[in-house]
């Protein structure tokens with residue numbers, strides 16, 4: 001489709017009308033360029049897909065929404081906007097699209113959040129009820145559907161009242177009533193515990209109401225994980241050929257795709273035996289009480305028992321073999337080098353893939369049959385069986401995918417990382433098996449790049465080390481396929497608005513020197529606080545261990561510090577805003593993930609402190625396997641993995657400072673390697689052009705460590 005004069009005029013008219021809706025709107029050349037580039041790509045005038053880096057201040061959201069809506073209307077397609085997290089998804093849904101609706105009154109839009117973000121009306125009704133009979137009726141579903149106390153019941157009753165009177169849409173983030181994680185776990189549901197069309201509340205269920213709204217909407221706001229799942233199952237979203245897709249925060253896409261394809265499952269032999277026994281009893285109950293018209297051969301008791309017995313024997317053998325590979329001790333891990341399994345393990349995985357797939361098919365067949373049963377049956381008993389079969393299907397589906405992935409030598413031209421872990425829970429040892437591909441470009445090509453005609457991938461940061469090469473390698477986007485890569489200029493004058501401060505630290509921030517380095521960092525930070533030059537500050541760490549140690553050095557400043565983990569992030573930011581608005585000093589402290597998407601302008605944030613260059617962890621099974629693979633190709637892992645990742649992280653962290661033309665301040669980076677190592681210049685060259693200062697550092701007095709047992713974290 002060509003960009004007609006009428007279409008261009010429509011885009012220009014909306015852009016002009018938008019300027020009148022936004023106070024102090026500043027026209028920006030990069031924004032106009034982005035609108036033009038997005039329009040050309042979505043209309044098919046230039047290239048296949050577009051990766052466009054739009055630095056903070058460009059106004060990228062409105063720059064893709066305006067041309068996206070215009071072209072979607074012209075082509076009678078649906079514009080799907082996907083983000084990496086719920087916060088940005090909600091911002092687009094609750095702020096940006098309502099703003100556009102002022103200039104496009106008939107605009108229809110909705111949001112597609114994951115099932116776990118919505119309340120389950122069945123669970124809410126039970127938890128809000130004061131009638132024991134109501135709770136008893138729903139308790140048959142094996143869920144914890146009774147309130148813990150009267151206060152919790154009253155809270156649920158208020159939520160139910162808001163839902164029933166349409167004051168609340170059922171989304172966790174859209175109510176002012178405090179809901180802790182434990183209560184929300186009982187209020188929401190997952191795919192395995194949902195009765196779907198068989199539920200009494202199906203028609204009014206917020207999740208399914210939202211899904212039905214997708215069919216009528218011109219714009220759907222989703223997230224990357226949901227889009228990947230929708231493309232895989234060909235459900236939820238319209239047909240790919242009838243889509244225009246924008247992937248905001250597109251730098252997350254390869255990781256989200258990899259997470260979606262990562263498979264982990266418990267394979268502890270006694271636990272597995274129990275699951276198989278429960279499934280055979282479940283099948284027997286279905287055959288006895290809800291006999292299907294056509295009996296699957298595998299459902300015959302003798303055959304099913306033999307099938308499950310073979311499956312169990314293979315799992316037991318695998319347990320024995322894996323325990324031999326793992327080091328002694330209750331908690332242990334073994335990774336298979338280059339993802340290559342021994343022949344005996346590979347043969348077991350291949351057979352397990354076939355056997356679990358057959359059980360998955362059997363569970364699906366019974367579930368479909370049960371779902372079609374009429375009201376002539378005992379509805380309580382039927383629904384109980386549907387839920388149990390649904391959960392069995394979920395288990396065998398995951399197992400089937402795991403063993404299929406374990407049987408693969410490569411995925412997307414790279415090895416599949418495979419490892420086993422043993423851990424202790426409540427005095428019992430549990431064995432797990434894990435698989436994840438280190439490259440997902442083939443899957444992205446199949447699900448996205450080849451399926452959807454034109455896609456926009458955008459973010460404030462898509463490049464690392466001034467190059468799109470890492471994005472291209474990880475995502476599979478490539479110029480020879482007609483994909484375009486554009487980096488827009490920043491609208492800000494960084495040279496005049498801020499500066500980078502690299503204190504003259506006495507040591508590098510290595511593990512060996514960590515204690516002295518943090519002592520010096522704390523001393524310099526204290527000096528900055530005492531200067532009273534900045535009201536709003538942000539301190540970012542590469543690890544929780546370092547952050548905790550830093551806090552040990554500044555205990556007298558603790559009341560000023562708002563630390564990640566003390567409260568949910570949005571509450572910390574809310575409190576920070578209130579403090580600064582009242583003229584008080586406030587310091588946000590967290591890990592690098594805490595800063596992503598943080599938008600604090602002016603005095604709210606005028607000094608950012610960065611503990612050190614954040615290289616990725618090198619002890620993750622995925623990173624180790626990728627390193628082995630790169631070395632086998634005579635490529636240098638530091639150049640391919642570590643440095644691009646560190647560059648990307650640093651750009652993101654530094655980008656927290658200048659968010660508008662009125663922002664000012666300093667970025668303090670406590671890492672002398674930026675000036676002493678060869679790669680330091682490359683990292684600095686990829687940052688906005690700030691003047692650099694190198695002040696002296698007060699001597700830090702090293703404190704003695706208190707001996708504490710560090711919690712074991714699960715690696716991947």
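Every residue gets a Cβ built from N, Cα and C, even glycine.
If you check Swiss-Prot, you get these features:
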- 26, 31, 60, 61, 599, 656, 659: ATP binding site (BINDING)
- 120, 194, 199, 205: [4Fe-4S] cluster binding site (BINDING)
- 1-114: region 'HD1 domain N-terminus' (REGION)
- 115-216: region '[4Fe-4S] domain' (REGION)
- 217-261: region 'HD1 domain middle' (REGION)
- 262-438: region 'Arch domain' (REGION)
- 439-491: region 'HD1 domain middle' (REGION)
- 492-716: region 'HD2 domain' (REGION)
- 248-251: motif 'DEAH box' (MOTIF)
For the motif 'DEAH box' (248-251), sequence-distant contacts whose Cβ falls under 8 Å of one of its Cβ atoms, 6 or more beyond its ends: 51, 60-61, 64, 81-85, 88, 92, 224, 457-459, 461-462, 471, 597, 648
Winner by Cβ pairs under 8 Å against the region 'HD2 domain' (492-716), considering only 1-114, 115-216, 217-261, 262-438: 262-438
Cα distance (Å, whole number) from residue 31 (ATP binding site) to residue 199 ([4Fe-4S] cluster binding site): 48
C-alpha spacing of residue 205 ([4Fe-4S] cluster binding site) relative to residue 31 (ATP binding site), in angstrom: 40
Remaining residues near the recorded [4Fe-4S] cluster site, that is with C-beta within 8 Å of the centroid of the site residues 120, 194, 199, 205: 121, 122, 189, 195, 196, 201, 202, 207, 208
Helix, strand and coil totals (DSSP H, G, I; E, B; other) for the motif 'DEAH box' (248-251): 2 helix, 0 strand, 2 coil
Lowest local Cβ density (other Cβ within 10 Å) among binding-site residues: 60, 656, 659: 659
Cα-nearest neighbour of residue 120 ([4Fe-4S] cluster binding site) within the listed binding-site residues, 26, 61, 656: 61
Binding-site residues (26, 120, 194, 199), the one with most neighbouring Cβ atoms at 10 Å: 120
